[in-house]
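**Q** I'd like to ask you about the structure that follows.
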Amino acid sequence: MPATGQSHFSEIQSKSVPNGNDSLNEEQIQQEGLEDVTTSLISIPTAGRRFCRQFSEQSVAESGRKALSMAEVEMPGVMRLRKIYGPTKPLKGVRLAGCLHVTAQTGVMIETLRELGAEIRWSCCNPLSTQDHIAAALVKAGIAIFAWKGETEEEKLWCIDQTIYFANGEPLNAILDDGCNLTRIVHEKYLHLTHAIHGGSEETTAGITKLRKLLKSKKLSIPVINVNDSVTKSKFDNNYGCGESLVDGIKRATDTMIGGKTAVIIGYGNVGKGCAKTLSGHGAKVIITEIDPICALQAAMDGYQVTTIAEACKIGHIFVTATGSTELIRGEHIMEMRDMAILCNIGSGQTEIDVVWLKANAIKIENVKPQVDIYHLPNGRAVILPADGRVINLSCAHGNPSFVMSNSFSNQILAQIELFTKKGQYPIGIHILPADGRVINLSCAHGNPSFVMSNSFSNQILAQIELFTKKGQYPIGIHILPKTLDEEVAIAHLEYLGIKLDKLTPTQSAYIDVHPDGPFKPIYYRY
């Protein structure tokens, strides 16, 4: 085995397996003859071969352990939970299958979950985001990790499959997911196991969108806690974290200067807000495109130009998709872009930029370095595509900073404790973590400006119309204005500011399960 200090793969001849499948008992963490070599055997039943993941030299795992130790210092919330709940082991009996980026921050969460009593099997939701030295450190610590940077889609799905059954032959009874990857496979291939799963938790906006579609079609079979929309997740990780890591990813991938450039951000939700603020702070002129009138109005009030992607595609230097939807940057937009425009995705999955169109229509694809390609177009221009259209911050950099991920992963840990200690109390559906106490100070001095009060008083007028025209339909109690009317108020203010909205295409509407005319956000969404 070469002593390069790097992780690599080697193929070894497959032995026949009586039932035609690789047995979980064949998976092992074994010590080679030398003390400085640790090998985790991973069997992939593809083309009659078995691939053996090898971590050469102890220095690889040692490097990962040092990174984990640094992350622990920056993750006080997760470490506090480890200290509080570690002695009582509230997750003892949990067989937790996870599918989330294998980073240093995730590693700290995984080791905390294990310290709280859970058995762990883990795969990665993105073929490009695994940090191999972290995977090596976790494998050396005895945790079953099925992930490596640069997986094919087939290998990714195989890795997820390996997390379903544990070493003793028992199946998973809990899920921690990102993008609904694991939950979808469980419902498609292992539906018979869902009766034993006491619940799952979901990390991302895109994952919640897919879960809502499952629930709507009555195909969801387990209770799921929506971690993504916890205040301490969505307003911190999605906002501050993505803002910082986006620029980190762009810089590592392209070495481009942000200052002076025009950056087009598609979507002004929590992620888009953070990205806009950070890019603006680096000196970029920021343009926002939106389909939601409320988010569009927020962007305008925050000082950004708001227009359509059809107009913005002609002037941007850097494009950032940040929605969790699909086909946001399409062929007709790419053909209008300036030469060497940078196309970045920080939403979930690989569908926000039409990579399929790019690969089919480029006359030449030039690889610059790992995860960075230049697509030469028929019109003589070219565009730069980092991470093959996948999330740039985790594929080209190391993801969000440890401190802000401590927020998100504290929520994940508490969600798993909540689901396991209250088995049977959460019905099938999508839930949010129990609310904490929050105080909002709404004091004012000389009254708010007329424009913003137009918003408030438009709501008052619509509320009176709603109550009178639907007499008897509102029971005694306290109600909020229907979101469609809230959006109507925002629309009424857009023309005055010269704001143009994009319109959902039929494909996008079906993908995110939102009507083209709204409402554009679920009732629990916090703008």
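The backbone N, Cα and C atoms fix where each Cβ goes, glycine too.
Annotation comment: TrEMBL describes Thr103, Asp178, Glu203, Lys233, Asp237 as substrate binding site. Annotation source TrEMBL lists NAD(+) binding site at Gly269, Asn270, Val271, Gly272, Lys273, Gly274, Glu290, Asn393. What TrEMBL lists as domain 'S-adenosyl-L-homocysteine hydrolase NAD binding' is 238-399. What TrEMBL lists as region 'Disordered' is 1-31.
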**Q** Counting other CB atoms within 10 A of each CB, which of the binding-site residues Thr103, Asn270, Asn393 comes out lowest?
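**A** Taking Thr103, Asn270, Asn393 as the binding-site residues, the minimal 10 Å Cβ count falls on Thr103.
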**Q** Of Asp178, Asp237, Glu290, the binding-site residues given in the record, which has the fewest other CB atoms within 10 A of its CB?
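**A** Counting other Cβ atoms within 10 Å of each of the binding-site residues Asp178, Asp237, Glu290 gives the minimum at Asp178.
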**Q** Counting Cβ atoms within 10 Å of each candidate's own Cβ, which of the binding-site residues Gly269, Gly272, Gly274 comes out highest?
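**A** Max Cβ neighbours within 10 Å, all protein chains included: Gly272.
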**Q** What residues, ordered by sequence, lie under 8 A Cβ-to-Cβ from Glu203 (substrate binding site) and sit at least six positions away in the same chain?
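**A** Leu100, Leu176, Asp177, Asp178, Gly179, Val227, Asn228, Ser408, Gln412 - these are the non-local Cβ neighbours of Glu203 (substrate binding site), listed in sequence order.
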**Q** Cβ-Cβ under 8 Å from Lys273 (NAD(+) binding site), same chain, 6 or more residues apart: which ones?
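**A** For Lys273 (NAD(+) binding site), the qualifying residues are Asn239, Gln298, Asp302.
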**Q** Between all pairs in Thr103, Asp178, Glu203, Lys233, Asp237 (listed as substrate binders), what's the biggest Cα distance, rounded to the nearest Å?
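**A** The substrate-binding residues span at most 17 Å between Cα atoms.
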**Q** List the Cα distance (Å, whole number) between Asp237 (substrate binding site) and Asn270 (NAD(+) binding site).
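**A** Distance (Cα to Cα, whole Å): 9 Å.
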**Q** Cα-Cα, whole number of Å: Val271 (NAD(+) binding site) versus Thr103 (substrate binding site)?
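**A** If we compare the Cα positions of Val271 (NAD(+) binding site) and Thr103 (substrate binding site), the gap is 20 Å.
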